[in-house]
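Novice: This structure is in structure tokens; I'll ask about it shortly.
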């Protein structure tokens, strides 16, 4: 709503207030200033603010409403409006010789007046200037008065040409009725459009002739113009619900219907009507005004709310002491002052620190609960003056053990460069191992997952098709095992996919794809962070034969021999079908096994760092190909005494002088003591012992 500062200044003193201060107060008070305009009116620059109000503040959609808010927000005294003497004789227009309209739920007030002897066909200059500042073009005296009273009070009055109604009804004393249309009819509105009305539309009838659609628009045949000398003025308060229904049904929305849709009550209706008549009287001193029709006016019940000081403090929080900068609570004296500034009637209980507040009639629709009153206190004090603090939230319960392990595992993957992925737990892929649902919602969500790997491969392919990068991610999920003849089992697993991109070792070298051993190293690094020892064995399961490479897949076991999961390279056939890189690696681990391993683990014991030097010795030997390096390593650790700290495989060689059924290992042994400096003789004795054990157990041949 466009609001002139000069017009506002007539109602409340704003001339002495800086414009920036006024705008900030309005904005923090819930009234956004959308635009600041400079409008030229008769060679004078007028400052105009475009102010928008929230949907629940229909009472502020007028100059008087905005002025009342500024009075409260800035603690400024209000001014007496010229030409608004409520003691005028027009306040006592109601008499026994008027027509009575039946009261219904569709409206709470219906009043009509007849105005005769209109002589001055131009509106006062000061009214025209205010209309221009509000971006309303002055047209003629009647329309100008109608628009002016709407802007000033917020009440939309409808004007009709009285003589035209009398001619159409062939009666000088006609009866007015508000009623629903009894049978379909065509209605020519004063916007030159015809509307088809049905039984849901409320109309105003004069001797059964429809002169307007209730609360929306008048009939073209009774519209007034600049030559009109007698008026029928209608003032009504319609139900916002009814007006919305009618506007939607007709596809018609006017300034008048827009006001009703936001909700109006009759708290200041009489004052607005008297103000309108008074203004007409100024320019037409000889006019004759009579009350024609009046409904029973709905009496609004008194509404009282209890406002408690402790709730104000709890919800709004502390404010900052301007002197000490320490947090303090808003005082009961300040709360009382704010209620007075809002013109609320109340009683204050000093013992209980609570106020019983009577809500003004024009605020009944938006002040319904105690929290609404607390918001009003916050508005006047300024929400920006309260210290922003979050209320304490008590922690109910504790994180269960599974959740703690899941967080630890997630952090390990994220720190290694993985992203956590989320997918649907139901899929549409039907295979021999699929577990179908009896009543799926859609075919895309018709089966339970037996593994997360197919979904990971699918989304990786979709990402590449969309021009995105390859994924390096992991996912938690539940998988199921079983068939129609057995009981289904549910497991929680963690699966992932990575690789497929070339990695540069140095800036001046071309990137190399991730090798199987490098991928294996990433998985080992994660388990090292978790302090979990795993054993790698050749895969013998057929569960992943269509997804993982048959010769580049390993099964992982815990030291207890419990199955942990699988790691492998993507199957070349599948990679070719989906146009994926062949150097992609996938894994799927049983989360329950990882959790149980943590549960059974003892606290880690830490040793002091040795200050004595290390001694490294290389050992080369030939052994049968069927003997794995892991088994040799475990044997060496078991028999290498406490001095043996590390065993590293330097190389494995086959061919040449090595027989076909054998392989050559070269390993490096690291020895160190935490108590003394080891001598060569001690190390050689240990190595001799280890060589003897390897020869006896694995039939190795020691190479020079």
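We number each residue from 1, going along the chain as drawn.
Backbone N, Cα and C atoms are what each Cβ position is placed from, and that goes for glycine too.
Feature annotation from TrEMBL assigns Mg(2+) binding site to 366, 372, 375, 376. Annotation comment: TrEMBL describes 300-388 as domain 'B5'. Taken from TrEMBL, the feature domain 'FDX-ACB' covers 610-703.
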Novice: Taking every protein chain shown into account, which of the binding-site residues 375, 376 has the largest tally of Cβ atoms within 10 Å of its Cβ?
Specialist: 376
Novice: Among 366, 372, all listed as binding-site residues, which has the most CB atoms within 10 Å of its CB?
Specialist: 366
Novice: Along the domain 'B5' (300-388), what average pLDDT does this model show?
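Specialist: PLDDT averaged over the stretch: 91.
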Novice: Do you know the DSSP helix, strand and coil residue counts for the domain 'FDX-ACB' (610-703)?
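Specialist: In the domain 'FDX-ACB' (610-703), the DSSP-based counts are 30 helix, 33 strand, 31 coil.
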Novice: Using the Cβ centroid of 366, 372, 375, 376 as the reference point for the Mg(2+) site, which residues of the same chain not in that list have Cβ within 8 Å?
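Specialist: For the Mg(2+) site, the extra neighbours are 363, 367, 371, 373, 374, 379.
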Novice: For the domain 'B5' (300-388), jot down how many residues DSSP puts in helix, in strand and in coil.
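Specialist: Grouping H, G, I as helix and E, B as strand yields 36 helix, 20 strand, 33 coil.
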